[in-house]
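Since the structure comes first, as structure tokens, the remarks are kept for the end.
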Amino acid sequence: MASGILLNVKEEVTCPICLELLTEPLSLPCGHSFCQACITANHRKSMLYKEGERSCPVCRISYQPENIQPNRHVANIVEKLREVKLSPEEGLKVDHCARHGEKLLLFCQEDSKVICWLCERSQEHRGHHTFLMEEVAQEYHVKLQTALEMLRQKQQEAEKLEADIREEKASWKIQIDYDKTNVSADFEQLREILDWEESNELQNLEKEEEDILKSLTKSETEMVQQTQYMRELISDLEHRLQGSMMELLQGVDGIIKRIENMTLKKPKTFHKNQRRVFRAPDLKGMLDMFRELTDVRRYWVDVTLAPNNISHAVIAEDKRQVSSRNPQITYQAPGTLFSFPSLTNFNYCTGVLGSQSITSGKHYWEVDVSKKSAWILGVCAGFQPDAMYNIEQNENYQPKYGYWVIGLQEGVKYSVFQDGSSHTPFAPFIVPLSVIICPDRVGVFVDYEACTVSFFNITNHGFLIYKFSQCSFSKPVFPYLNPRKCTVPMTLCSPSS
């Protein structure tokens, strides 16, 4: 009898929201009491969904926050009640509907909620499939147990992925640190000459390290979060499995579907065999090339371009830059107008000369050809302005016709134009050039007395691309630039650059 009374008292001091004994109870003007944390959370939901209106979760009577009062009397009852020990059978928890006050005995399959018999007859659950909690609890217990095993397996996989990414991160750090040490050691021998190269290489490695470690750190964080998420889900399921039937069934279908549809996110990794590996250059060869380039650069002249009436190239206002355009020749016939591209060779249409003639001495200049897929440059004995449609076709690019040039076509094919053979005198002998590093800037050196024209790959430490010897300079020669069909401009570099 006394135990029954205690159960009734316990029911009276149970929070209608969390269904636990009241903690720091607060009473509303309507007389209902709630845990401080529960009614505060209810405040937030009311503010979010009901535009500031607050109402009692039990009777729906509106109230103002300032009217909420701590209920010390109820708090004292709860403290005394916690000291009383009930027998297991008498202590069985009886849960009631917060809306209707009736016992929660049914489970709504559509909403995954434990409800009372009045809820079942309400509009909210009308037509839904409802079962006694005892009928479905075992079924969902098995489903949750299966989901728990699946989740534990995925947790093991997640932990392995986390460990793998940590190991790879450490490996990358060691590898890149090792590479940086090697780079510094290799460049120490020629510090004065290769300072800029070492700095560039280290910057690349730093950037590589930054990018890779940043990506791996991000992946590591994601793996940690993923593992933590698994732990939280497992903890939630374990709590459900150890709790009451109502706790087990509340939202159970959604949790099971979320676990079944869950896929582990794999971290982004990098393949070490695909990365750029540093190779120490031929330091002696680089030193020789550097000395040669340093020597010819003493003869750097400030070259500008000379506009003419033959070329269809576009020359910039500063006379240092030239780009191509598609020329049009318009033919007028009685009553008609036809416009179509020029029939002249496109190479000819875009070739221009430097304004400075070379008749003696040594002369050097550099041309920026970065991002171009086609170009021709070198020296020329000057245009032969006869007719626009029969001059400087491709066969004209021969030393015997006054052209000492090299060129690029299709972005990767570097060639030098030599004199044609006796069998094909009107066609140049085009010799492929082996260029390991594509030049963004090409240096041209003319030694008039020695009758040589040399081309240097400035991008590759001044590597000699090609050298014409025994050139027959019978008259003044000029710098020659031809942007060809590529619309990206060619630019003459100033000596100060």
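Glycine residues also receive a Cβ, built from the backbone N, Cα and C atoms like all the rest.
Annotated Zn(2+) binding site per Swiss-Prot: CYS97, HIS100, CYS119, HIS125, in sequence order, evidence recorded as sequence analysis. Look at CYS97 (Zn(2+) binding site): DSSP puts it in coil. When Cβ atoms from all protein chains are considered, those within 10 Å of CYS97 (Zn(2+) binding site) total 18, not counting its own.
Within the model, the coiled coil (137-225) carries an average pLDDT of 84. Annotated coiled coil per Swiss-Prot: 137-225, in sequence order.
Feature annotation from Swiss-Prot assigns domain 'B30.2/SPRY' to 283-497.
Residues annotated as N-acetylalanine in Swiss-Prot, with similarity to another entry given as evidence: ALA2.
The feature phosphoserine is assigned by Swiss-Prot to SER87, with similarity to another entry given as support.
Each residue of the zinc finger (15-60) gets a DSSP state, and the totals for helix, strand and coil are 14 helix, 8 strand, 24 coil. The zinc finger feature in Swiss-Prot is assigned to 15-60 (among others); the stated evidence is sequence analysis.
Positions annotated as zinc finger by Swiss-Prot: 92-133 (among others). Residues 7, 11, 16-17, 19, 57-58, 244-246, 249-254 of the same chain, all 6+ positions outside the zinc finger (92-133), place their C-beta atoms under 8 angstroms from a C-beta of that stretch.
Each residue in ARG99, GLU102, ILE115, CYS116, TRP117, LEU118, GLU120, SER122, GLU124 lies on the same chain as CYS97, HIS100, CYS119, HIS125 and has a C-beta within 8 Å of the C-beta centroid of that Zn(2+) site, without being one of the site residues. Residues of the zinc finger (92-133) grouped by DSSP class, helix first, strand second and coil last, total 6 helix, 11 strand, 25 coil.
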